[in-house]
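Trainee: Dropping a structure here in structure tokens format, bear with me for questions.
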Amino acid sequence: VRRHIALLLLLTGLTFFTGLGRTVITDSDEAYYAEAGREMLESGDWLTPYFNYTPRFEKPVFHYWLIATSYKTFGVNEATARLPSALAGLGLVLLTYVVGFRWYNVNVALLAGVIVATTFGYFSLSRMALPDLPLTFFIILSTWAGLAATSDCSTDQLGRSSFLTYSRKCYLLASSAAAVGFLTKGPVAILLPLLVIGSIKVWEHPQRIRIMKSLWLSGSDVFTLALAASLGVLIAAPWFVMMVHEHGVEYLSRFFIAENVARFSTEAFNPARPAWFYLPILAGGLFPWSPFLGLFAPILKNLINKSRRLTAIEVRLLVWTTVPLIFYTLSIGKQPRYILPVLPPLAILLAHIILERL
């Protein structure tokens, strides 16, 4: 395992970090974040992001904090503006390895990590000072922790009753990751993990048609969920409260309605695109591994002929891949980088299929 981690660190060093500041910032979105981080450091105002010394309300504050902290630590330049994205890419590679290892084996884990480290989608976004890769990291971490949380009992590893069980720790981790993701780009950091975890749990329930029964919670479950939700609120809410105190309640309307609901459901920010828009985007983002998607064809044929059944892990990965894809396909304002959370579970599934065929 240590050699695998070392190999992935070396590979991501080449793909995500080498020449990080070689190209100048030309993308307008990237310029907004890079300059806002510089102005945050210059002014010492770590509450309100500014661009051209005018309050910038488009996104929450966490990614600006990351860039400003990088500037303060290493100096102000293109490489340090992009460093948080590159580190998030590294985190996604390692997280993909961990999930692949826990659900399959070291070989699947390594290949899945290599796929994520070398896809065009992550290679390109790791070299831009945008919040999308950090957001993706928190979404994947929250989803994985939430799934892990639902598979444990109320005892510790020695079988003793414990307040902080593995399951409860995972719930707290899932909530914390979602809350920081919320501070990075908004409610999608909470919504996507809930949609994925909920879809998987309903599917796996023996009587999944009776949805209300599948969602029945014990007193301990209610307490754990309340504890996790409270931690998430404790992490995410203070900044929003301070922003309302500083700029008025109109800020909440601007952020939640204009920047989230309108961005999803109208053409106010992005032109309407066809339902198939993300299919070529997904193939391009997965390049150079996208030709291996052809390996799914014989599996699909066998499924239709009922000569093969999907395993429980394959179902989980398929749901984890398709739910975000469907969610963003339903949106009016589509952007290519929105589907970055699809790649890690797809990489694990693809690695499993490739090794199965060898």
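The backbone N, Cα and C atoms fix where each Cβ goes, glycine too.
Residues annotated as domain 'ArnT-like N-terminal' in TrEMBL: 30-242. Per TrEMBL, the feature transmembrane segment maps to 103-123, 171-203, 215-241, 275-300, 312-332, 338-355.
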Trainee: Which sequence-distant residues neighbour the transmembrane segment (312-332)? Criterion: at least 6 residues beyond either end, Cβ under 8 Å.
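Mentor: Residues 103-104, 143, 147, 191-192, 195-196, 199-200, 203-204, 264-267, 270, 272, 275, 277-278, 282, 338-339, 341-342, 345-346, 348-349, 352 contact the transmembrane segment (312-332) from elsewhere in the chain.
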Trainee: Roughly where does the domain 'ArnT-like N-terminal' (30-242) sit in mean pLDDT, to the nearest integer?
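Mentor: Mean pLDDT, the domain 'ArnT-like N-terminal' (30-242): 89.
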